[in-house]
Amino acid sequence: MRLSSKVTTLLILAAVIAIAPVFFPSSYYFRVGSLIFVNGLAVTGLVILIGYAGQISLGHAGFAGIGAYACALAPVHLGLHPALAALLGALLSAAIAYLVGRPILRLKGYYLAVASLGFGILVSMVLSNEAQLTGGPDGMAVPELGLRAVLKAIGIDLSNTEFWYAFSGLVLVIGAWLALNLYHSPTGRALRALHGSEVAARTVGVDVAHYKLVAFVISAVYASVSGSLLALQNKFITPDVAGFMHSIEMVTMTVLGGAGSVLGAILGAAILTTLPQVLTIFQEYEQLMLGLVMMLVMIFMREGLLPSIARRIRGRAE
Amino acid sequence: MPELLQFLLSGITVGAVYALVALGFTIIYNASDVVNFAQGEFVMLGGMITFFAHAAGLPLPLAALIAIIVTAAIGVALNKLAIEPARGAPVVSLIIITIGASIFIRGATQLVFDKQLHRFPAFSGDQPILIGGATILPQSLWVIAGALAVFICLWLFFTRTLIGRAVLATANNRVAAQLVGINTNYVMTLSFAMSAAIGALAGVLVTPITLTGYDVGLALALKGFAAAMLGGMGNPKGALVGGLLLGVLEAMTAGYVSSQYKDAAAFVVILAVLFAMPQGLFGRKSTDRV
Amino acid sequence: MKFALTTTALALILAAPALADIKIGATISETGPASFLGDPEAKTLKLLVEEINAAGGVNGEKLELVIYDDGGDPNKARTFATRLVEDDEVVAVIGGTTTGTSMAIIPVFEDAEVPFISLAGAIEIIDPVKPYTFKTPHTDRMACAKIFEDMKKNAITKIGMISGSDGFGASMHKQCLSIVGDYGIEVLADETYGPTDADMTPQLTNIKGKEGIQAVLNPGFGQGPAIVTRNYAQLAVGLPLYQSHGVASDGFIELAGAEAAEGVRLPGTALLVAKLLPESDPQRAVVTAYKDAYEKATGKPVSTFGGYAHDALRILVDAITRAGSAEPSDIRDAIEATKGLVGTTGTVTMTAEDHLGLDLSAFRMLQIEKGGWKIVE
C-alpha cells in the first residue's frame with residue numbers, strides 16, 4: 001500500500017474531517033477547522049500549479065478576491081443567489097486567469113513571481129479603490145448562503161460554525177478528489193513532464209504553453225471558490241482577502257506541507273492556520289516564532305513536511 | 001511647466017529610494033541566484049538602529065556607521081544560518097525562507113525597539129532648494145547621490161575587481177568557480193554583507209524623508225524587487241534605471257492621471273515590459289538546459 | 001513524599017486564579033498596518049487592568065484580560081472573536097481597532113449576545129444600532145463636522161482634500177464628502193496617497209495649482225500625514241492645513257517637525273492638552289491621571305487611540321459595577337444606561353438609540369504652535 005494512492009488520500013482526509021469533531025472542546029474549534037478547509041482548497045489548487053506543473057504564483061489571492069467579492073456583489077447588483085454568485089466568480093476567475101496567464105506564463109522563476117505579484121496587487125487595488133462598489137478598505141457585507149436554513153427545515157439543525165465546518169470540509173474532499181483525478185490523467189502526466197524539464201517535454205510533443213495555462217486556470221478556480229467560501233462564512237469581506245500577504249500565505253502553506261502532494265499541502269494549510277492560534281501563548285514573540293518556523297521547515301524539509309516525514313518513515317522501514 | 005519639473009523631482013527622489021533597495025537585491029542575486037525578500041528589512045534596520053543610537057546620544061554619523069555595521073553582520077548571519085544550509089533549494093522555497101527571515105527580523109525589531117514611527121534630522125537642513133519654480137529638499141540630493149555612488153561602486157566592483165568577477169563566476173557556475181580556486185563561501189558571505197550594508201545605508205539616507213518604523217521593510221522590498229525586475233535582475237544598471245523609472249512613472253501618474261492608481265500604473269508598465277522583454281530591460285539572456 | 005505532593009497541589013490550587021474572576025476579552029491590531037493605533041490600545045488595556053486589580057478589582061472580583069493580536073486582518077479577528085466567546089467564555093469584549101475588523105466581528109457578538117465595545121471610527125458600527133455593539137471613538141463624520149465648522153468660522157468655502165487610501169483615510173474621506181455641502185464648502189481638488197508612500201509633492205502640487213482653494217484637509221493616520229505636512233512646507237503652499245484626529249498625538253509633531261507642523265489645525269481630544277485645561281474642566285482630572293500613568297509605564301507619549309481603549313474599559317468597569325453582576329446581558333443593559341461618564345474623549349451618556357454617547361463638544365479644535373498644542377475656540 002502506497003501513501004500517494006488516490007483512495008488512501010481521500011479516505012484519510014474524509015476520516016480526519018469526520019472524526020476530529022469528537023475531540024473539539026468548544027465550537028471555536030469548528031471555526032478553525034473550517035478555515036483550514038477553506039485554505040486547504042486554495043492550496044490544493046496551488047498543488048496543481050506549483051507541485052504538478054512547477055510554476056509559481058505570488059498573486060493567487062487576487063483570484064480569491066474575485067471569488068469573495070463576486071459573492072458580495074452579484075447578489076446585490078444582479079440579484080443572483082449567493083451560490084450562483086460563487087459560480088460566477090469561479091467562471092470570471094477562470095476567464096481572467098486564461099487572459100492573464102497566456103502572457104505571464106512565458107516568464108520564468110522570479111520574473112513569473114513578480115508578474116503574478118503585480119496581477120494580485122492590481123486586483124486588491126481595484127477592490128480597495130472602487131469604494132462606491134466595494135466599500136473600500138473597510139469592506140462590505142456578504143449575504144447569507146441560506147443552506148443552513150434549508151438543512152434545518154429537513155431536520156438537520158447545525159450551529160453556524162458547525163455548518164461551515166461540515167460544508168467546507170465537503171467541498172475540500174470534492175476538490176481533493178478532482179485534483180487527484182487530474183494527477184493520474186493524461187493532462188496530469190503532461191504537467192509533470194513539463195515540471196521535470198520544459199525542453200524535454202516539448203521534444204516529446206507536449207504543448208508546454210497550453211498545459212501551463214491549464215494548470216494556471218484550474219488553480220485560479222480553486223482559489224476563487226476558496227475566496228467565495230470565506231466570504232459566505234464570514235458574511236463580511238475586506239480587500240485583505242486579495243492582499244499580497246494572503247498570496248504569500250497560500251504559497252507558504254503549499255510548499256511547507258509539500259507541494260507535490262495534496263494531503264501534504266492540506267497539512268501545510270492546517271499547520272499555518274492553527275499556528276497563529278497556538279502562538280498566542282508567546283504573545284509578543286508570535287511573529288518571531290512564525291518566521292522561525294517558516295525558515296526551519298524550508299531549510300530542513302525541502303520537499304515539505306509530509307513528503308519528508310513519509311520518506312523518513314519509509315527509509316526506516318526498509 | 002514648474003508642475004512637470006516638480007513631478008520629475010518627486011519621481012527622481014522616490015525612484016532613488018527604490019534604486020537603492022534594488023541595488024541591494026542585485027548583489028545577492030548575482031552571487032547566489034537568490035532574490036532576498038528580507039532586503040527591505042535591512043533598509044528598516046538601517047533607519048531604526050540609527051534612530052535609536054542617535055536618540056541614545058551618539059552623533060548622527062557614528063550612529064549611522066554603527067547601524068550599517070550591525071546590519072551587515074545580520075546579513076552575514078542570515079546567509080550562514082538560513083541561505084547556505086538551503087543551497088540548491090527551488091526558487092519558491094528560497095522565496096519562503098527569505099520571507100520567513102523578514103517576518104523574523106520584523107518580529108525581533110518590534111521587541112528590541114518599538115512599534116512607533118521615527119525620524120531623525122536631515123543631514124543638511126530642511127530648507128528647500130528652488131529649481132525653476134519647483135523645489136527639492138537637500139536630503140533628496142543626498143539620496144540621489146547615494147544611489148549614484150552605490151551604483152558606480154558596484155559597477156566598478158563587478159567589472160574591474162577580481163573579487164567582483166569571482167562573485168559573477170560563482171553565480172554562473174558554482175562548481176566551475178570552485179574548480180578555478182574561488183572560495184565560494186567567502187564570496188557568499190561578502191555579498192550578503194555588502195547587500196545588507198547597502199540596504200542599511202539606504203535606510204540611513206531615506207529616513208529623514210520617508211520616516212521609519214518596524215514594518216516599513218515589506219513595502220520597500222516589494223517596490224525594490226519590482227524595480228530590479230523591471231531593469232533586469234542582476235544588473236546594477238538595471239537596478240538604477242528600473243528604480244528611477246518606477247519612481248518617475250508613479251509621480252507622473254499621480255500628477256497627471258490619478259493618484260489612486262499610481263501604483264497600478266507602475267505594475268501595468270512592469271507587466272508590459274516583461275511581456276515584451278522577459279528578462280527585463282537590461283537582464284542577462286538565459287537558455288534552458290535539459 | 002506524599003505530603004510534599006499534597007502541599008504542592010494545595011499551593012497550586014491556592015495560586016490559581018479564583019474562579020470568580022471576571023473574564024473580559026480583547027482583539028486588537030497590535031501588529032500590522034494599524035499597529036500605530038493598536039499598540040497604544042493594547043498597552044492601555046493591560047496597564048489599566050493591572051491598576052484596577054491592584055486597587056481591589058471590580059465588585060471585589062479581579063479582572064482577567066484575554067487579549068489577542070489580529071494584525072489588522074478581519075478574518076483573523078473573526079476567529080479570535082469566536083475564540084473569545086466560545087472558548088475563553090468572556091463576559092464582554094473590547095476591540096476591533098479598525099472599522100474592517102470591527103464590522104467583521106460584530107455578528108459573532110450579536111449572535112452570542114456578548115457586549116462588544118469597538119475602538120474604530122466609522123459610523124456604520126453603531127448606525128443602525130445593534131443591541132450588543134457599542135463604541136468609544138467619535139465617528140469620522142463628527143471629526144469632519146468639527147473641521148468644517150472651524151472652516152466656516154474662518155470664511156473658508158473652497159478646499160482641497162488629500163486622503164490616505166487606507167481604511168481610516170478612505171472612510172473619513174467618504175464621510176467628509178457626504179456632509180461637506182451642509183457647510184457651504186466646495187471640494188475643488190480631491191487627491192489620495194498610499195499608506196506607505198514616501199512623497200506626496202505631485203498631489204500637493206496639483207492642489208496648489210488649483211485656482212481659488214483656501215485650505216487643505218488631510219484625513220489619514222500614520223506616516224502619511226507627517227509626510228504630507230513636510231511636503232506642504234517644502235512646496236510653501238501657504239494655505240491653512242487641517243489634519244484629522246488620526247494624528248492627534250505628540251508623536252505627530254515630532255515626525256513632521258515643529259517647523260513644518262506650525263499652524264496645522266486638527267480636532268483633538270482633551271487628552272492632548274491635559275495641562276492647558278482649566279481647573280474647572282471635568283475632564284482634567286481623568287486625562288491627567290491616564291496621561292501620567294501611561295507615560296510613566298511605557299515611556300511614550302499618549303495618543304488619542306490609547307484614550308479610546310481607556311474609555312472603553314472605564315465604561316465596561318462602570319457598567320459591571322452598576323449591574324452588580326458579570327452576566328453578559330446585565331452588562332449590556334448597564335452599558336446602555338451609562339450616564340455622564342467622564343472619559344478622555346468626552347463625557348459619555350448612552351441611550352437605546354445612541355450607542356456612542358458623545359457629541360461634538362467632545363472634540364476640541366487644536367492648533368500646533370512652536371511644537372506644542374493650543375486650544376483655538
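The backbone N, Cα and C atoms fix where each Cβ goes, glycine too.
From the options A:213-233, A:255-275, the stretch TrEMBL describes as transmembrane segment is A:255-275.
The transmembrane segment (A:163-183) is not in contact with the transmembrane segment (A:58-77), judged by fewer than 3 CB-CB distances under 8 Å for residue pairs 6 or more apart in sequence. Nonlocal intrachain contacts for the transmembrane segment (A:287-306), taken as residues 6+ away from its ends with a CB within less than 8 angstroms of a stretch CB, comprise 252, 255-261, 263-265, 267-268, 271, 275-276, 279. The stretch with the most CB contacts under 8 Å to the transmembrane segment (A:30-51), chosen from A:58-77, A:83-101, A:255-275, is A:255-275. Residues 1, 30, 33, 37, 162, 165, 169, 172-173, 176-177, 180, 261-263, 266 of the same chain lie 6 or more positions beyond the ends of the transmembrane segment (A:7-24) yet place their CB under 8 Å from a CB of it.
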